[in-house]
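Student: Pasting in a structure now, in C-alpha cells, and then I'll have a few things to ask.
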C-alpha cells in the first residue's frame, strides 16, 4: 500500500504560518511572477483625472465649487460697479482704471483658483486653444500680476466674462449629476437650460460692457444699460438711451452679430429636439404615476379605429374617468392619431410614447411598474399572423419580467400560441372566438350580433327618434349588458335567497325586467350559466344578470295605482265577466298546464298547448315556477342514448351516407390549451382518402355532395387554409346536447371556383361560411384587407341568392359593402342613419346595417371591446366563452335556440314564454331574433330599363310602354348590360332586317322575341349560367331555386325585451339551457326522480376534466 504522506508535496514556503508572521522570504526562488494591474493609474496625472473627472461624485463637487466661484466673481463685479465713482478721471482713463478697494481686490483673487482647475483631458494644445481656457487667462493672469505689482491693482479686468465660464461649469455639472445619480434627464431639459443660460450670458455681457465703456461717454448706470439691452435685443429701439462713444457702439454691433449667430443655432437644436420629443412622446413622470392612475396600451402599430374603439369603450365606464392612458408604440404617430390626440377631450388623458415594450428604458418611461393594467394587442393586419403572435408573446414576457405585479390583458391571434401566455390575467384568442361565433351563427342565427351587442357599452338610445318601429326596439334593446352583484346586497335578488335559480330568474324578470343568467359561488371561481332549478340561491352568491344598467344606477318606484288597474282588468275573464277565483271555485279545480315530462330536443323545442278543461274561450294558463324544484316534476331523458335514434330509421335509398355517432371527448387536441368538450364522435376513424368529397376512392365512389344523400343540409366553410381554429368551428356543431338527427354535414372548401361550389352542394346548403381573407392582408391600404372576402361574398350573393352566407371582416366599416346594392334606397337611408349615430358619439353606429343586424356578417375587431371591458368586468371573457361553447364548466348551461311556430303563438307574450320555459324545462330566454318583411316603395328590385335606351321602332316602344315601365331585377347598375344580352339584341336586329317586309306574322314574332330579350333580367341570366354549368358537371339543377331570396326581409335582435313584448310567427328565441349532465339520477329506479338519465359518476368525472 502506497504511503499517502510521501505522495503529498510540502507546502511552498510562502504558505507556511511562519512566513505569514515574518513575511515571505523565499518567493524569489519561486517560478511564478507577480503581476500588478492598473499601474497607469498610479501617476500623478491619472490621479488628478480620477479625482476631477472619472469619479462622478468628486467631479461634481469640484464643478459645483467652480460654478459658485464664477457666480461670486460676477456678483463682486456688480458690487464694484455700484461702489465706483465714474466721475473721477478724464478722457479714456475711466475705461482703463477703476476704483477697486483692497478688500474687494482680495475677494476677487479667489477667481485664480479656477485657473488651476481646468480639465486635464486631451492634448495640451487643444486645452490652450479652447475658449474657456482663454477666458480663464483673461480673468486670472491680470490678478496674478497685481500681486507682484501693486500699482496695477486698479487696472480694469473684464471679470463679467466669468458668466460664460459659469455657463460652461453648469453644463458640466448637469452631466456629472446625471452620471452620479445614474439617471438620464431628457435632452429637452438640457437644451432649454443651455438656451436660457446663453441668453442670460449675452445680456449680462452686453450690460456690463456698455456700462463700462460709457464711463467715458454718457456715464450710464447698470439699470440704464439693462434698459438699453432689452430694448435693443427685442428690436423695439426707442432711441432714448444710445451709446455715445465709438467703442460702446462697436460692442453693440459685435453683441448683435454674436446673438444672430448663437441664438438661431440654439433655437434650431431646441426645435429639433422638440420635434423628436413629439415623435417619441416624452415620459410619464414618476410623480404622476404615484398620484394618478394610468393604464398602458402596447401595440405594434396604432390606427385610428383601434384607438377610438379603445378610448370610447374604456372611458364609457364612470369610474374610469380619472384614469390616464399611456400608449407605447414602436412606430411614429400617425397623422390621424395626432389630430385626434390634440382634441381637448383626449389630449388631457392620453399620452403617446414612441418606444418598444422590449426595452426596460421605454417601460420605465411608461411607468409600467405603477400601471393599473397593461393591454397588449396583436396586429391582425399582418400577413404572417404567427409572426404577429410571436411579437405579442415577447411583449408579454418583457412586461411580466419588468413589472410582475401589473395585470396583463393580452390579445392573441392563433390558438396554438395561447399556452405561451398562460400567466396573463386575461387572454382573448381571435381565431377561437371567430370560428365559435361562425359556428353558432349556423345553428343559432345572429349569435355574433348577440355577443357583439352584449360586450359593447351603450345606453340604448340609438335611433330612438327614427320613424321605423324596428329600429327603436332594436336600438333600445341593444343597451342591455351583463352586470354582477352580490345577492345579499341586491334589491333584485335578495328576496330569493333559499329559492331555486329558475324561480329567482323568472320572478326577477317579472318584477324588475332583469334577466338572471348565471351565478358564482363565493368559494368557487367558476361561473355557472343557468345551473337549473335544483340550484338553491345563497346569500354569498354573485349574480350575473342582463339589464339596461346596473342595479346601483337604478331607482325603484312602486306603481300601486297602475298595478290595481292592471289587476282589475285581469280579474274578469270570458263572457261571464266573473272574477277568476269565482270561476275556479265553480269548477272545483285549477286548470293549469302540467309540466312536460318528455325529453325535448335541443333545438326543436315546442310549447305544447295545454289541454282545455273549461270553456273554449278561456285563456290557456301556465304552471307556476316552483320555489324549490320537485324532482318528480322535472323531465327525464337518456343523454347518451339519443332518442332520435329510435325515431329515425336508416334510409333505403342507395347512396345515402349513414354515420354512427358516439358521445365522448375528442381523442386528440389540435393545440395546447383547448378546452375538452363532450361531443358527438364517430365510432371509427374515417380514412383520409374518404375525406375528399370530389374524388372517389376504394371505399366509396361518390364525387359530389348530392351523391352522399345527406339527410340534413350542408354547412360549407370556404377558407384558404385548414388552420387549428377550425377545431372551434366543428366542436359547437357536434356538441353532445344536439340530437343526432340535427347534425349538419360540414364541408371544408379550400378553393371556391364555381365548379367546386356546385360539387360540394352549395345549391342545397343551409349556410356557407366565408373566411378567406389571409392572402389580402398584404394590401397597402389596411381597409383593403377585406377586399377578397367582400367580392367573393358578393359573387355568391348574386349567383345563389337563397343561400345564407355568413362571414367575418377585419374592419367594421366594410360591413356596408356586404350584399351591396347601389340603387337600394333603403340601404342609403340606413347609411345616413349610421352617420347620424356616429356624429352623436354612439359606439354602435354600425348596428343598423342589415347584414350585421341579421347576423350574416361581423367583425372580430368588435370583440376588442371584450378585452377592454374585462378591466372593469373581469367575468366577461368567461361568460362569453361559456355562451360560445369554448369552455364547458360542470353544471353550467349552454346557448341554444327555439323557433316560435303557429302552435306556439298561444303563449302570446315574452313574459308568458319566460314562465312557460322556467316551469317546464328550466330554460332561461335571453333574447328574440325577429324577421320582418321589408315593405319598400322603391327598391333595387323594382328598377327598370326603359326601352328608349335601345334602338327600336315606334310601335315597339308603344307596345312596351303599355306593359309598364318597371320589371324585376337585381342588377346593381342597369347601364352595364351583359355581353350575352347585347349580342342577343344585335342578333335580333339583324334578323329583323333580313326578314321579308310583307310577312306581318313573322314581324310580330320577331318583335315578341325582342321584347323577351329586353325583359330578360340579370338574375335570370345568372340562373341560366349556373344551371348550364351544373348540367355540364353532370349535376341535376332541380334543387337550384334562383328566385327565392331574402332581399325583401330584415332581421334584428331584441336582447332581454320587455315582458309585454308580443311574440310573432317565426321568432327565434335564444335560450340558456341547463346542463343535462348536472343531474345524476338517484338510486331509485324511477326515471321521474331525475332530470336526465346520465351515465353515472364516471361521466360526471370526465366532464370535469
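Keep in mind that glycine also has a Cβ here, set from the backbone N, Cα and C atoms.
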Student: Looking at 44-63, 64-83, 84-103, I want to know which stretch TrEMBL calls transmembrane segment.
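Tutor: When 44-63, 64-83, 84-103 are checked in TrEMBL, transmembrane segment belongs to 64-83.
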Student: Given the ranges 125-149, 150-174, 250-274, which one is assigned the annotation transmembrane segment in TrEMBL?
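Tutor: Within the set 125-149, 150-174, 250-274, TrEMBL attaches transmembrane segment to 250-274.
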Student: Have a look at 870-897, 898-925, 926-953, 954-981 and point to the one annotated region 'Disordered' in TrEMBL.
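Tutor: Going through 870-897, 898-925, 926-953, 954-981 one by one, TrEMBL gives region 'Disordered' for 954-981.
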Student: For the transmembrane segment (220-238), find every same-chain residue at least 6 residues outside the stretch whose CB is under 8 Å from a CB in it, and list them.
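Tutor: Same-chain contacts beyond the ends: 78, 81-82, 202-203, 206-208, 210-211, 214, 252, 256, 259.
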Student: As a quick check of your reading of DSSP, tell me how many residues in the domain 'RCK N-terminal' (292-428) are helical, how many are strand and how many are coil.
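Tutor: Looking at the domain 'RCK N-terminal' (292-428) with DSSP, the answer is 59 helix, 28 strand, 50 coil.
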